[in-house]
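The following features are taken from Swiss-Prot:
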type	residues	note
ACT_SITE	132	active site, proton donor/acceptor
ACT_SITE	160	active site, schiff-base intermediate with substrate
BINDING	44, 204	pyruvate binding site
SITE	43	site 'Part of a proton relay during catalysis'
SITE	106	site 'Part of a proton relay during catalysis'
């Protein structure tokens, strides 16, 4: 269903407001570069500091600009089950192909609570849902056993796993079985190639905002069985992967895009822009990747 390089799109701002023209241009750039799908308003899209109206508008705009050329997996998570259902329902109404739903954060539910949260979403809206497990941000880990229970629900089609634990790919597969055709996507750029080798289908990527052609080429090389080329591309990208988190994300990605003249570097508080040392690290990583600024 979903595979390859999938950018977790930044949401550009200009003078405090969403820069719709810049966002539309970024979507066009991603499609031209060979990205396999698009994820608007996820963590990298600063969903936590968007108003509900802004969130929904960005999803609608992404679907409108993509115009069916690639799938749109709309960010739609919340620590309120009712709000998550509302966002998933909007994603469906807007024409998104799926919703990316993060585990509830801050309120720290147990595994039964996580299961019931996602089951409520599954039951409320007939739209494919990709689970999003990122315990470094949500505090709670969506355990493989819970993922396996959820995979048996009709609308739960996959997971974005940002734990960096590649054992999860095999463990999920062993628990779920092949008959479910459950899609596993990495949420950790530095380990994405290893994730693919373990049986993953793709990566929802921060780095792909900045280097979409290289990220797409790495995935295509792997899919073609050309591991030497895939590894060579990954070596070009590894410093950029690390630089994308040298300051709170998505500040580094936005700074890099601003250096390329593609959008402004503005982030919303409580995030702040990268400092001079971080900027130097990003510049160096871009140069090593062969990106023009």
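Note that Cβ sites are derived from N, Cα and C of the backbone, with glycine treated the same way.
In three-state terms derived from DSSP, residue 43 (site 'Part of a proton relay during catalysis') belongs to neither a helical nor a strand segment and is classed as coil. Annotation for residue 132 (active site, proton donor/acceptor): same-chain Cβ neighbours under 8 Å, separated by at least 6 residues, are 42, 77, 100, 101, 102, 103, 159, 160, 162, 187.
Comparing Cβ neighbour counts within 10 Å across the recorded positions 44, 160, 204, the minimum falls on 44. The Cβ neighbour count for residue 106 (site 'Part of a proton relay during catalysis'), using a 10 Å radius and every protein chain shown, is 9. Checking each of the recorded positions 43, 44, 204 against residue 106 (site 'Part of a proton relay during catalysis') by C-alpha distance, the shortest gap belongs to 43. The DSSP secondary structure for residue 106 (site 'Part of a proton relay during catalysis') is coil.
Between the CA atoms of residue 43 (site 'Part of a proton relay during catalysis') and residue 204 (pyruvate binding site) there is a gap of 11 Å, rounded to the nearest whole number.
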